[in-house]
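Following: one structure in structure tokens, then a few remarks.
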Amino acid sequence: MDGSIINLRRACMMLAVSVASTLAVMPAAQANEVSAGQTIATHGTAQGVAACIGCHGAKGEGNAAAGFPRLAGLSAAYLSTQLTAFAEGTRPNPIMQPMAKLLTASERSAVASYFAGLPAPAGVKASDSGSVTPANVGAWIATRGRWDQALPACVQCHGPGGIGVAPTFPPLAGQPAAYIASQLHNWKDGKRPPGPMALMPVVASKLSDADITAVADYYAGVGVGVTGAGKSANGSKP
Ligand code: HEC
Ligand code: HEC
């Protein structure tokens, strides 16, 4: 117990130091926004919004066991679009929706800038792993896609290793398997807004349930070595 409190304290101090050094090279207005965002992320708001780091991790690295996504290093534009979608109810989620509603537009933009400025967790790198044969369904879909179905490889938009291509294509590497799978199902079922050019609903519609499990496990595995993120606690789920 004591140990974890000390670790938490150390993590907070390291966070403060890294934010301070980031602030040093930023114009004042932007620095103010990031620091307002940090306060929301670490303390929540007086209106009853919980501290984001409670679920998304002290460094925004996510939580694999709980399926909470990583926010660190995602683009500010992407994060703030998602927060607005939660607030407006176009991206329904019982946990995020009420909190996003309680944030003002400028608070959403501030907290998005804060998480965008945090580094991707160590261990997430731009390389694909696993043997790429049709039998290795996850790696195959990720790096080759399926020509006969006109399914593009995930890497074509999400970058090598699913590292993400800012500002439009969020990273997949180091996201919890359960989170990746749930988002693909949401698009298949029309429960997440289509996003830019409605690219993801088309991709998801071409994936079977087994494909979704395989590709989600593949990308969670690319982030292996990431504390608190990466592969789900019990490996692949049915
Ligand atoms: C009680 C836990 C919890 C807290 C606290 C929390 N979140 Fe979340 N967050 C979630 C869950 C669960 C999801 C996945 C929602 C889904 O499946 O669509 C999520 C998703 C998100 C996403 C979408 C990420 C993506 O890759 O599309 C953003 C952005 C986000 N949260 C920001 C925040 C911010 C900012 C705060 C603090 C103001 C916060 N969250 C606080 C649980 C939480
Ligand atoms: C043609 C481009 C394109 C391809 C190919 C593509 N994606 Fe995406 N993907 C996107 C875009 C754009 C978004 C952002 C959607 C948004 O803003 O709501 C996205 C978002 C996602 C997300 C949500 C991430 C988050 O943080 O919530 C997941 C999961 C995802 N893609 C998985 C995949 C997988 C798996 C594949 C391969 C089977 C794939 N994508 C192929 C364009 C693409």
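Each residue, glycine too, has its Cβ placed from N, Cα and C.
All annotation found in TrEMBL is predicted automatically rather than curated by experts.
Features of the protein shown, as given by TrEMBL:
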type: BINDING; residues: C52, C55, H56, M96; note: heme c 1 binding site
type: BINDING; residues: C154, C157, H158, M200; note: heme c 2 binding site
type: DOMAIN; residues: 32-223; note: domain 'Cytochrome c'
type: SIGNAL; residues: 1-31; note: signal peptide
Where ligand 2 binds, which of the binding-site residues C52, C157, M200 are close by, with Cβ under 6 Å?
C157, M200
Of C55, M96, C157, binding-site residues neighbouring ligand 1, Cβ under 6 A:
C55, M96
Extra residues within 8 Å (Cβ to Cβ centroid of C52, C55, H56, M96), heme c 1:
A50, I53, G54, F68, L71, I95, M99
Counting distance between Cα atoms, which of the binding-site residues C154, C157, H158, M200 is nearest H56 (heme c 1 binding site)?
H158
Hey, how far is C154 (heme c 2 binding site) from M96 (heme c 1 binding site), Cα to Cα, in Å?
26
Please report the distance from the Cα of M96 (heme c 1 binding site) to the Cα of M200 (heme c 2 binding site), rounded to the nearest angstrom.
21
Sequence gap of 6 or more, Cβ distance under 8 Å: name the residues on the same chain that satisfy this around H158 (heme c 2 binding site), in order along the sequence.
G164, V165, F169, P170, P171, L172
Please report how many Å separate the Cα atom of C157 (heme c 2 binding site) from that of C55 (heme c 1 binding site), as a whole number.
28
For the heme c 2 site (C154, C157, H158, M200), what does the 8 A shell look like? I mean other same-chain residues with CB within 8 A of the CB centroid.
P152, V155, Q156, G162, F169, L172, L199, V203
To which of the binding-site residues C52, C154, C157 does the lowest count of other Cβ atoms within 10 Å belong?
C157
Taking the residues C52, C55, H56, M96 listed for heme c 1, what is the greatest CA to CA distance in Å, to the nearest whole number?
12
Looking only at Cβ atoms, how many others are within 10 Å of the one on M200 (heme c 2 binding site)?
19
What kind of secondary structure is H158 (heme c 2 binding site) part of, going by DSSP in three states?
helix
